[in-house]
Amino acid sequence: MSVPVRHLIAGAFVEGLGAQRIPVSNPLDNSTLAEIACASAEQVEQAVASARETFASWKETPVSERARVMLRYQALLKEHHDELAKIVSSELGKTFEDAKGDVWRGIEVVEHACNVPSLLMGETVENVARNIDTYSITQPLGVCVGITPFNFPAMIPLWMFPLAIACGNAFILKPSEQVPLTSVRLAELFLEAGAPKGVLQVVHGGKEQVDQLLKHPQVKAVSFVGSVAVGQYVYHTGTAHNKRVQSFAGAKNHMVIMPDADKAQVISNLVGASVGAAGQRCMAISVAVLVGAAREWIPEIRDALAKVRPGPWDDSGASYGPVINPQAKARIERLIGQGVEEGAQLLLDGRGYKVEGYPDGNWVGPTLFAGVRPDMAIYREEVFGPVLCLAEVDSLEQAIRLINESPYGNGTSIFTSSGAAARTFQHHIEVGQVGINIPIPVPLPFFSFTGWKGSFYGDLHAYGKQGVRFYTETKTVTARWFDSDSVAGTNFSIQMR
C-alpha cells in the first residue's frame, strides 16, 4: 500500500482533499512509493490565508530572532543530512553521493540566510541637503510562492524558502509532484527549528494548484525552476497578475576545450559534468566544443565515457542512476534516434541499457555523438539525459560565436592553460555563468545564480544579493528635524532647503 503524501497547511500536516490522485514512483523499478491527493481549491486558499496572517506577525519579528531560526535549521539539516539524502535517492534515483551533494548545496544557502541581519542592511547619507538625511530600509513583500522541479528535491526548495522567510516573508512551497517526499521532510525540520506555524506552507498538486497561486491577489512573488514551456507560462501568467517573478527555464551548456588544456583533467571533468545525475541538471554539459587539435581527443573521450556504469543509488560503484520516469526515457531515446537520422555519428548508444536486478528501471546508458551540427535536434533541444554531443571548430572565436548563437545562456566553461584565451572567453561569451577550468560553474550562495537569455525570465536571480532584493522592497526615507522655531520661508520649488 502506498503512503499518502501530506500537505503542510496552517501549521498542520494534512492529507489533500482534491479529486486528483498522483502516484509517486521509484525510478529504479517504477513501483509506487507514495500517492499524492492534490490540494483542493479550498486548501490552497487556506494556505494563502494562513501565510498572509502569519506574515503580519513574522515581519515584526526581530531580524536576530529570524536568523536564530535559520541557525537552528542549518544545524538540523546537517544532523539529518544522510537521512535527507536517502529520501532524495529513493524518490529520484540519484546515487547516494550525488544526493548528499544535493542536500549540502541547499544547506549552503541556509547558511547564507543565517547572515540575514547583514544582508538587509540599508544605506544612509547624512546631509544630502542642509540638516536633511536620506536612508533606505529593506522590507519583506508578503506571501511568496516557490514552484520547484524534480531534479534537485532538496537544493532548489532550499534556494527559495529559507532566504525568503529570513527576509520576513511567508512562503508557500509547491514541490514537483514527482518528488514530494523530500520537501515534506524539509518542512518538518523547519518547524522543529522553531519556525512559527504558518510561515511555511507546502501544497502538492499540478497545474490547477499552480494557476490558483499564480493568480491569487495575496501572492506577491513567485520563484520557479523547470522547463522552458512551463517557465514561460509561469512568468507571463504571474506578471500579468502583478507578481514579481523569477523563472529559471531551459539550458544548453557548452564546454570549450582548447588544445593547450590538460587532457586528463578535461576528460575527467567532461565525463562527470555531462552524464552525472543522468544528465538531469540544468547546468549539465551537453555539448563539448573541441577547438583545433583537441578534436584528436575524441577516441579517449569515448573510452572514458564507455567506462561509466549506471546503477541503483545504494551501489557505491554506480556513476549515476535512472532518469525520472518512462516518459523521460522514451524522449531521450527518441532524440538519440533523431540524431542518427540527421547524420550525427553515434559513438556510444545508451538506448536499451539494462541493469541487473532492475529490469523495469528507467535506464539510459552513456551516449556520445560526434560530428554534431547546430541544426540537429540533438544539439538544439535540452535532452536532459546522459547524452554528450561533440562539435568541432577551428578557433576560439568560432567557439564563442557558436555558443552565442544559442538561445540559452545558463552556463558555459572553457578548459585552457592560457590566461589570454580565458579572458577573451569570459569577456565575449553571452552566458550568465562562466567556468574557467570548472565544468559546472554553479556559484556559492553569496553570489547569485545568474542565467541569461532564454534560460531566465525576470530581473532578479536566485540567492546572493539578488535573491535578497527579489524577496524584499526598498523604502527610501528623507528626514529633517527642526531645531528652532524659525521658518525660512515657503519653498515653492523642488529643491531641498
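Backbone N, Cα and C define each Cβ position, glycine as well.
Summarising the annotation, Swiss-Prot assigns active site, nucleophile to CYS282. Residues annotated as NAD(+) binding site in Swiss-Prot: PHE150, LYS174, GLU177, SER227, GLU382.
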> DSSP on GLU382 (NAD(+) binding site), three-state: which is it?
Replying inline: coil
>> Between PHE150 (NAD(+) binding site) and CYS282 (active site, nucleophile), how many Å separate their Cα atoms?
In response: 11
>> What whole-number Å value do you get for the CA-CA distance of SER227 (NAD(+) binding site) and the residue listed as 'active site, nucleophile'?
In response: 9
> Including all protein chains shown, what's the count of other C-beta atoms within 10 A of the C-beta of PHE150 (NAD(+) binding site)?
Replying inline: 20
>> Taking 10 A as the limit, how many CB atoms besides its own sit near the CB of GLU382 (NAD(+) binding site)?
In response: 20
